[in-house]
Amino acid sequence: MARESEDAGIAKASKVKRQRKKKTKENKTRIVHANILYDHAKGEENPNRHYANNKIKTTKYTVLSFLPKNLFEQFHRFANVYFVFIALLNFVPVVNAFQPELALAPVVFILSVTAIKDLWEDYRRHRSDKEINHMDCLVYSRADKRYVEKYWKEVRVGDFIRLRCNEILPTDVLLLSSSDPDRLCHIETATLDGETNLKQRQVVRSFFELDCDFDPLKYNSIIECEKPNNDLNRFRGYIIHRSGRRDALYKENLLLRGCTIRNTEEAVGIVIYAGHETKAMLNNNGPRYKRSKLERQMNVDVFWCVIILLVMCLFAAVGHGLWMFQYGDKRPVFDVLSPEGTDLSPIMSAIYLLLTMIIVFQVLIPISLFVSIEIVKICQVYFIHQDMDLYDEETDSHLQCRALNITEDLGQMQYIFSDKTGTLTENKMVFRRCTVAGVEYSHDANARRLAMYQEMDSEEEECTSHGGTLPRRDSVSSHQSARVVLRSHSTKSHRRTGSRAEAKRASILSKHTAFSSPMEKDITPDPQLLNKVNECSNQMDFMRFHSQSMSQLPSDLSDIIDFFIALTICNTVVVSSPNQPRQKVWAKVPSQSPVKTIEDFIKRFTPSRLTSGSNSSSSSNSTLTKLDEEHPGSLDHAFSTVLPCYDGKACTPEEGELRYEAESPDEAALVYAARAYKCSLVGRLPDQVTVELPHLGKLNFELLHTLGFDSTRKRMSVVVRHPLTDQITVYTKGADSVIMDLIKPPDTDTAGRKRQKKIVFRTQSYLNLYAADGLRTLCIAKKILSKEEYACWLQHHLEAETSIQGREQLLFESALRLETNLHLLGATGIEDRLQDGVPETIASLRKAGLQIWVLTGDKQETAVNIAYACKLLDPEEEILTLNADSQVSSSNQNFTDSINPSSSPLSSSSFHTTPFTVHRLGLVIDGRTLAYALDKSLEDKFLAIARSCRSVLCCRSTPLQKSMVVKLVRNKLKVMTLAIGDGANDVSMIQVADVGVGISGQEGMQAVMASDFALPRFRYLQKLLLVHGHWCYSRLANMILYFFYKNAMFVALIFWYQFYCGFSGSAMIDQWYLIFFNLMFSAFPQLITGTLDKDVSAETLQQLPQLYVNGQNSEEYKPYMFWMNMIDAIYQSLICFFVPYFAYAGSDVDLFTWGTPITTLALFTILLHLGIETKTWTRMNWLSIIFSIALFFTVALCYNASCPTCYSPSNLYWTMQRLLQDPLFYLLSGVTPVAALLPRYFYRACQGTLFPSPVQVGRQLDKLPAETRRNILSLSRVKVGSPVHLKPPFLSLTKPSPKGYAKKDQRSFPTSKISQAKQMPVLQTDEEKGQRSPVGPIDSEKGLLDLYTLVPTKVDTLASTKEAPTFAREQQNPVTKDSECLDKTLESSALSLSSWITSTPLLTQADSVQLALPPHGGSQCVKYTRNSEERLSSDHTVHPVHRTEQSLHTTL
Amino acid sequence: MMASSYNAKDEDGNITVSGPGGGALRSKKPENTAFKQQRLPAWQPILTAGTVLPAFFGIGLFFIPIGIGLYVTSNNIKELEIDYTGSDMSSPCFNCSQSFSWNSTKPCTCTIPFHLDQPYDSNVFMYYGLSNFYQNHRRYVKSRDDSQLNGDSGSLMKPSKECEPYAYFEKKPIAPCGAIANSMFNDTLELFYNNPNGTKVKIPLTSTGIAWWTDKHVKFRNPGGSNPNFTAVFQGTAKPVNWRRPVYELDSDPENNGFINEDFIVWMRTAALPTFRKLYRIIQKKDDLLPTLPRGSYTLEVVYNYPVRSFEGRKRMILSTISWMGGKNPFLGIAYITVGSVCFFLGVILLIIHHKYGNRSNSADISS
């Protein structure tokens, strides 16, 4: 935060300066001249002089400014101001209590500890800055007429710099020249966005035509561009040449600081933004500051402490006033007059005393608590970092704690919001099956192959659990280890040149490239389809040979070949060869830039070329031959040492295999799939894609446009000129829901129409089947444009491209115009495999009482099936499916009107489940319905339903919706939320949640950057939450409580004394002891305990996730506990005060000879108290306690022997020495702590026996020998049984189709049932018992809701957090039962998972009951589906087991 | 599942990245040490009735005998208190107590007879006790100058601000300054043994050895070093307002005069509680055969100077023998006995609890 504002401050300052000096210049843009033109004109003349230079300074302080600035920052914290106020109060003689200098000690101590920490951090930043600033780069020097080495910090805006391969960019550079013949420069942006694929950057167009090398001396253009901003994906500007020609600049021309040059020998550019004005630096936000729940709770109690303090002070002040008053005019000798000798009135002395008491009692406000908490948290973070179990061998990364101060929140989570793709799943996309032209190709062999991987994985899983650290999947992937070697040198180069942080990140990523694993690559083709492809290409070859028009090809065959061409080229995949990763396979072809101007278009699309097929084929032939000719020449080229040998069988796999780098893994999966059918992507250039087809050889598709993927359109398209037909073809690939809507309505040809209709219908049904199978579905379509259409579109498109304002929006609209009337080719099903251990983790987390919601952008069927696979939904659950029909209300008018009635179906549907409360509920809701549900008027009802469901699945949700759901739950239910995700679309959700967790996986670093914790894998969440979260929470909670107790107990001693000193503010405890008691004498043991104490061992915590409930319900630190501790503190202080009081009553003891034993006794009591609360005594604990006591006596002895006159007003000369000779002192030390701690000790003992908390039981379990423990745990599991359970394929049906698997998707078939739904909400239930009576929802709605709210206590014990206090102990049995039921899923997960993956789900009959509800204003269709329990399963042998277990379960 | 892999992990902790290139890459794998993995060997006490039983019984059995011993010791100490405040009309000191002034020129003397029922064998300590005297009042406690008392000549002439308003009197620095010194106890107590034959024998009272050794020799020093001419040393200082004599006339013995006068030192050691006693004199045991104070009747003669009526105070004279644990105070013995008994009692309760519920509290019920 501070850093950000600092940066902003710098930027602002420079901006202000700039604006002042250049008033005449326009404000909105930056103008960059080349520096070399102004080399002779030093300083003043250089137009670039006002721009920030490249020296970066991320430090907050300088040597001079450190003290004032740091103090200023620290005083922003209220507590510090308070303590300084108190310290200063001591300088006022009337009210002072201590030696003023001494009173400064604590606050100085606290401030200096923080200052030292800040200084150290700043020093580290300074060192890394220095390192970065002193890196070398080549800058053109006019004097030397060559590039000379300079430090990064010397680079200025307007300099020309030369970049070599693998160099890190020092600034934001406009690319002017590249050694690449295509005028490209490849960069790796992993350090910026974490995306590991290479990005292409283009030389500015004006310099494109330069044949010879770029000569800076000839450069005389002026660049006008945007002001520095932090948008990585935007750069706009012009380059103005001397000739007056203007060329637009895009983000494709800009190389960003921090990126690495790859695959390009040399590039030259001009610096546009430098230093703090670079986009990378502007994006660099400091660490986040969050306040944990525990801290919030603590602050409430700090506030209470303040109140207690004030009450005590007021009490003392009033007491003093009265005490003074009782003497009246007879001034006793001990009542000292004011220094002036005047009489103090009782009221005045009471007021003075009030202030004095605040000083004396200041210890009650735990000054060191804040520092201690910070120290403990740092230690906790350290230990979490060090945990081997959270270390991922594969990526060589451990958990990163990015937010340092919310570790304990991990132990209090109640809701987990998870992304699906990449978080629960591997995000490793595997092509499973496809349908082309309405024919399904099931790819059975492929499925078998995948099943094999599955087994291997699970075997390895066992290996790893025993063998510990063997890299996973190493046996499977030899490529992977090879890759490690290959990548290592690039990592090293990072290390050498980059800053430490950059190098670190790079090394995380280095092993984690965008390459696919063999599992994703080796696709076994479906023989039937393979034959068809062969046949088809044969025919095409034949036709080409005979110069026949391609349109004569049978439409199904042409669809097939188009389908594979689309798979191959409709993407942004970059090809590289395996032996030299990151180096594209380079083939020199006559380069033609994408169509950029109309003239260009006209020039290139001459009629002859457009119409004549033979001509084009010859031209493509010539291209091919040219390509062949070029190969030998390219051999000596540095980048193409390996030829793209791509003849399939002929090539050895090591050499011939091309690597595909894709921005998203499903793109790569599709390309690999196409390759399996011999349609391989061989090369990709900005203007051309080379595809190798069987029999046809290499074909060059001229790439006219790429309309990239975006989440709104949910599709991408490429516009190419087909080399065979020479038609302008648009290939579109996208989500089925959008593509299906864009399919061209059948044309007039009746036969064709029928066929089209059939294809669409069939494809849709297959799509549904795929989705039901948990596959990600994509539709492939194409469209052929006539020349006129294309020209017309191009016109608009070019306008859009060249406009500066609103370019994105215009491009978007342009894309929409193009992607219409598509011709459906087919659809693919890609499997996204679950990550290791996801079902187990989910089961375990759920057992821990966490509600898990999955928010995904995937379609409903896919999501539901993944949810089943990862045990999020249980087959025994009833599934509530909420699909509000948006077709009706999409008009957006009367939006709320149309929603309101849906509330009644919502609530009534939930009512109908109440008779079956034995079943737990799962809620599935789609994005549209979610939009309504998140509406103000409905959100409460939505939450009421969602809360009673065991799991919630939101499909088709947008990033915004995700964050809205999290926000809603967090704010309305007042629960602790954790969001976990891996992609950019999860960022908003991660930021909104109390704790954001990023998966440092494949989809880049955005999620990680936004997160508080970054995990390598989802399953680590289990240990992070259950073990570390629990520990952190219980440690910190106990430490805070102990702190309050300790301070209260200590201060109360002085308070009691006020009754015996006329409320005069006198203290029997010496000022030194009083001030250093907290800081030194009692500080260390609690820090050690707060850092190391383990209430239950890690193993038990993981085996009994129920123990997590402890933290969820805040059971370690409840508000009443604060007061209990206060009462205990009062009791203990009474004992510690009055035992010495009576022991010395009436004797000749003096003030401090009496006070010192009290201090000692208090110390003993406090330490022993900690001993009672300490659960694990390591030698550190012993040492710290012994050290504390030794420290106290050492300090006391030294202090009491040091100076007989120095420590006015108290003087303890030789007191401790005398006390140590006094037997009474030892006698007191014996009896007082025992008496003080007796109640607590007794209570703890009784509690441990009579009503042990689950945690205590867990601890007892720990003590048992390992064998016994295992037996007990397994026994408890056996008790509820471990039924092998089946995953029934859930489909949200409205109507069982005759074939058994086809179903209606209302969104895709808007016309299907709308008419029926138009007038009345329809409630459909599939159920097996049919014993419910339809109940009108209107009259009984309230009652229903009431009834409904009762449900959670019975059904939902796990998830219920509201009835928490009593639940843990009393309802332990049901909890355990519930969770043990879950446990059984764990046992069988592997089996059921594999069976699920290999089996095609069959549907059983399901009776459906339609409840027609009275029309209710709007027309909202809410579908309530309850899936039948009695389903046939693919695996009949398992079935009976399932049944018996089920009955077993009900009897329990 | 975790438990089984636990041991395995311990053993293979040294394996780093395997496979080619693993050696070149420095793995970020955390070190597998007991500390870093939070597996330090530890003692994990679990507080249940069963486990704490021995502690309770042990404490009980240990404390009760100590308590009895302490109680007996305390009871063997002989102590006699005589209140001579004179607030009652009947009291011999009533008349004296009516005078209010600190500096009355005419000393008021009163005589109080008392009777010892038992002979006091060992050294007898004579205390004066004050009640309701808040010597621990914050401003009072502060009102002294330790440097001055330590013989610092600078502070002698320029007392610390803390002494205000008792730092200067008529522009002259007060020695010793401050409210504590100013309010020094100034009664004189004398003891007479009334011989059965009718004569009054004055009992010799030792006035040295009543202060802490360190106070007398380190903390308190007369200014001017060993200069015996106190008048010259204290030249230019004023006596405390309430005092009748300057500080250098407190005693004739130069070793007990000035700031190192033991009565003064004892007074300067401010009492912890408003009811306190301070050692006044010691009656040394002279003869091993005769008791220090035999049975019989005695007379206490008081030169009554110290006014206590302004704060409803009481003045007492205490005669006491002491034991190894100090003066007579049965509290500690009672405390030990009480705590011991309570522990024992709680131990019994825990025993019952343990027998009734102890078996239930095994770990099985977490899963039941």
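Note that Cβ sites are derived from N, Cα and C of the backbone, with glycine treated the same way.
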Kindly point out which candidate in A:R776, A:R817, A:R1035 is recorded by TrEMBL as part of the ATP site with A:D419, A:K420, A:T421, A:E667, A:F709, A:K733, A:T856, A:G857, A:D858, A:R956, A:K962, A:N985, A:D986. A:R776
Residues flagged as transmembrane segment in TrEMBL, choosing from A:1071-1090, A:1151-1170: A:1151-1170
So of all those binding-site residues, A:T421, A:D982, A:D986, which one's Cα sits nearest to A:R776 (ATP binding site)? A:T421
In the same chain, which residue numbers or ranges, 6 or more beyond the ends of the transmembrane segment (A:1224-1243), come under 8 angstroms Cβ to Cβ? 1128, 1131-1132, 1135-1136, 1139-1140, 1143-1144, 1157, 1160-1161, 1164-1165, 1168-1169, 1172
Per the Cβ under 8 Å criterion, with at least 6 residues separating them from its ends, the transmembrane segment (A:78-96) contacts 103-104, 106-107, 110-111, 338-339, 352-353, 355-356, 358-359, 362, 365, 367, 370
The domain 'P-type ATPase N-terminal' (A:44-101): DSSP-derived helix, strand, coil residue counts: 25 helix, 0 strand, 33 coil
Taking contact to mean 3 or more CB pairs closer than 8 A (sequence separation of 6 or more), are the transmembrane segment (A:102-120) and the transmembrane segment (A:347-371) in contact? yes
For the transmembrane segment (A:1040-1060), give me same-chain residues lying six or more residues beyond its boundaries with a C-beta closer than 8 angstroms to one of its C-beta atoms, as numbers and ranges. 294, 298, 301, 305, 308, 312, 316, 319, 360-361, 363-366, 369, 372-373, 1066-1069, 1074, 1077-1078, 1082, 1086, 1089, 1116-1117, 1121-1122, 1125-1126, 1128-1130, 1132-1134, 1136-1138, 1141, 1158, 1162, 1165-1166, 1169-1170, 1173
Close to A:D419 (active site, 4-aspartylphosphate intermediate), taking Cα pairs within 10 Å and only the binding-site residues A:R956, A:D982, A:D986, are A:D982, A:D986
List, by number or range, the same-chain residues at least 6 past the transmembrane segment (A:1122-1145) whose CB is under 8 A from its CB atoms? 301, 304, 308, 1041-1042, 1044-1046, 1048-1050, 1052-1053, 1055-1057, 1060, 1154, 1157-1158, 1161-1162, 1165, 1169, 1224, 1227-1228, 1231-1232, 1235-1237, 1239-1240
Across the domain 'P-type ATPase N-terminal' (A:44-101), what does the mean pLDDT come to, as a whole number? 81
Would you kindly give the Cα-Cα distance separating A:G857 (ATP binding site) and A:T421 (Mg(2+) binding site), rounded to the nearest Å? 9
Sequence gap of 6 or more, Cβ distance under 8 Å: name the residues on the same chain that satisfy this around A:R956 (ATP binding site), in order along the sequence. A:T856, A:G857, A:D858, A:K859, A:Q860, A:D926, A:G927, A:R928, A:L930
For A:D419 (active site, 4-aspartylphosphate intermediate), just count the other CB atoms lying within 10 A of its CB, please. 30
If one measures from the C-alpha of A:D982 (Mg(2+) binding site) to the C-alpha of A:F709 (ATP binding site), what distance in angstrom results, rounded to a whole number? 19
Take the C-alpha atoms of A:D986 (Mg(2+) binding site) and A:F709 (ATP binding site) and report the distance between them in angstrom, rounded. 18
Among the binding-site residues A:T421, A:N985, which residue has the fewest other Cβ atoms within 10 Å of its own Cβ? A:N985
